[in-house]
Amino acid sequence: MDFREFDELASHREAACAWVEAHVRPEWVEEQRRSGTHQTAELHTLLARDGILAADWAPEYGGSGVDPGFARAVFDELGRRGLACDGWSTTSMVLRTIEHVGTEEQKREYLPAALRGDRLIALGYSEPDSGSDVAAAKTTAVRDGDEWVINGQKMFTSTAQLCSHVFVLARTDPNVPKHKGLSMFLVPTDSAGYDIQPIHTLGGQRTNATFYADVRVPDSARLGGVDGGWGVMHVALVHERSASSPGSDGGSLVRDLAAWARTARRPDGTTVLDDPLAAERIGRMAVDEEVTRLLALRNRWRAQKGDLPGVEGSMWKLFATEAAQRHSSNILDILGPEGVLAPDAAGAPAGGRFEEGFRAAVVGTIYGGTSEILREIIAERHLGLPRNR
């Protein structure tokens, strides 16, 4: 492939910057930090109104016809400025899953409404006793005529307080191996028996625990076959691991670091960038970011060909998240004590984003598949190595 054909960010950068300048309020960044919720309702409405959410979708399902390259450049520019759209990120993963495995009725029910900005969907995978082992789910769904009755609890249901639905993994057959007795459901958050409790993390983010007490949903809310939830989950995880946006995945921190290093003075009057060891570290981080960008473009190339991203998504996720951890450690080494100043601390470099980046990098190698799992996927599916368990 010719990466230049798919690197639309450069060609759309000027227009994307103009859109962001015209519509984005700087205080939204602080609001996201203060609330711990990385989704801004007013911004989401604007993205929907101007067709940016619906840029890369077929017209029959609500596609807007907006250039997908422009839309990606807008999201990239938002990331550069510290604005996240986590609620839309999880929603788009679920929408792509519906596109691949949903019925025609489900596509027409969920896709247009979400692309208009009227629906957000949270992920209901993890549970208190199983964490990353989502196949060990204890939440149950029991059939009752044309309905399913769901009981259980989900953890880390981030942005659920803003969402119209939760994409719930539930056990529909307890008498078969754990990967075979699962089904997926789209559960409305206004259902009787549904409850949500906020969880404020030590890192300053808000997530949620969601509870399901005899929650009834129609069979039409089931995505995929009965007991076929693990296959549906595989499709969803592939999209999660491929949901990359070059520039919003840590590259802005490296740029911020380079800008700081050009002007920050040491006691002898030299800049930090005059130190060859610091310059080498920053250069290595810049190389990592370029590799991350190219891996992301390869995912996009596969998607534009109509392929479901496979091992490439795992490769991108593994490299990007482990690079982010290396970078966060290097950044703190270069900055010294200033690097751990939080966003609300006076004099924090880059407004405290380095400290935020350090905290965020810690969990990056866990959610969406741990590094160990991703290495197994790459080894077994790409390299043809035998299973290690």
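A Cβ is built for glycine as well, from the same backbone N, Cα and C atoms used for every other residue.
Caution: TrEMBL annotation is automatic and unverified by curators.
Per TrEMBL, domain 'Acyl-CoA dehydrogenase/oxidase N-terminal' is recorded for 10-118. Feature annotation from TrEMBL assigns domain 'Acyl-CoA oxidase/dehydrogenase middle' to 122-209. According to TrEMBL, the domain 'Acyl-CoA dehydrogenase/oxidase C-terminal' annotation covers 228-381.
Residue counts for the domain 'Acyl-CoA oxidase/dehydrogenase middle' (122-209) under DSSP, split into helix (H, G, I), strand (E, B) and coil, are 6 helix, 41 strand, 41 coil. Per DSSP, the domain 'Acyl-CoA dehydrogenase/oxidase N-terminal' (10-118) is made up of 76 helix, 0 strand, 33 coil. Model confidence over the domain 'Acyl-CoA oxidase/dehydrogenase middle' (122-209) is summarised by a mean pLDDT of 95.
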